Amino acid sequence: MMRSYVKRLINAPITGEQVYLVAFSFMLFISFLMTTTFTDYFHTRPLQLISYAGVGLLVLKIYLFDHHDATKLIVITLLLGVAFLSWRKSQSYLILDMMALILGAKGVYFRKIIKWYYQIGLIMLIAVILYSLMGVITNLAYVVQDRGIRYALGIVYPTDLASHVLYLMAAKSYLDFKKLCWKHYVFFLVMALLMWQVANARLSTITAIILVVCLIIAKKAQNGNRFAQQTASLYWIFTPILIFVDIMATLNYDPMNQLFIKANSIFSNRLALSSEALQKYGVNLWGNHVIEHGWGGAKGLKMADINALKYFYIDSSYIRLLIIYGVVALILITVIMMYISLRATVEHDYALVTVMLVVTLSCLIEQHLLDISFNPFLLAAFTITWPRKKESLNA
């Protein structure tokens, strides 16, 4: 019996979906590992090089398994070329990884991707937290004036810990949207409170609370409440508005203007740092190699203690896109985000509309838009996401 099972397993045809999920899981594992203090024990460069094997699998799927017509293949090749140019110019592999994952997702069920993301991410986060509490890896602690001690629990920085929790909450919300009830909302609010107490991640905590509020509205919309439907149908508009406002605020930042001073204070000096990056590196089509000095990891913590003034990091995902990856990448990713949000609105997919709103808000203050260990939701663009798409995508 065992021999028969093994024989059937060996002879089973390999599908494009299987190739994609193997590549996705591999890249997710590596990407997540690089956000932990396990990196104190080895260099991250080899991990980046290994992750290119996942990109190779995705390219293999696109050209051998997906059966695109000539026109689509030309468009896909051009988009991969854009990502390649941006990667080489910026020396940041994230744009190449994310674009390969987006373009290679044809014929794969989006819910399955999010389920794999949630299960792998949750297991890894719990394991990392436990290892840090047992002393196997470092539990970094940051002492900040007027904010107490901020713990990272095995992640490289407290805000990254909070972001992992936030995106896992978003994934859980998407997967269990039809079953959401007050128990889920209470649990999410408790997690938001823990994020505040442990990591003192104020902005991520506020975003988590916004997630709960928007989920309540989305559930009412799903149940036919007209006002809730009209409200949820406007979620998509925040994507272009917030990206535009973020870029305009950075371009016109004035450190002497009281309005900018207040906004910069609310966003923990992010606006000033974005403006500094813009003045230092400028903007071009394909991006720049930006040298940053963050407080993440053991080296970052040491720098925070010895020379805090050396800190320089672009937190806003949209300003990162503009400066690090270039104008073309910014336009491309913005179009993808708007397409997902608008299509979800048309399909009355209130779960995905809500999640995309939260992604938009989170990426205004955090750098995780292109990092698959945090954000898998851009992959919805070309997956099997809505029922009426199934037949055409599997054709």
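In case you wondered, yes, glycine gets a Cβ from its N, Cα and C as well.
All annotation found in TrEMBL is predicted automatically rather than curated by experts.
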Checklist outcome for this item: Among 182-202, 350-370, TrEMBL lists transmembrane segment at 350-370
Checklist entry - Most CB pairs under 8 Å with the transmembrane segment (20-39): which of 70-87, 122-143, 318-338? => result 122-143
Checklist entry - Most CB pairs under 8 Å with the transmembrane segment (205-221): which of 70-87, 122-143, 350-370? => result 350-370
Item to check | Cβ contacts under 8 Å made by the transmembrane segment (122-143) with residues that lie 6+ beyond its boundaries | outcome: 29, 32-33, 36-38, 40, 149-158, 164-165, 168, 295, 297-298, 301, 304
Checklist entry - Counting only pairs 6 or more apart in sequence, are there at least 3 Cβ pairs under 8 Å between the transmembrane segment (350-370) and the transmembrane segment (70-87)? => result no
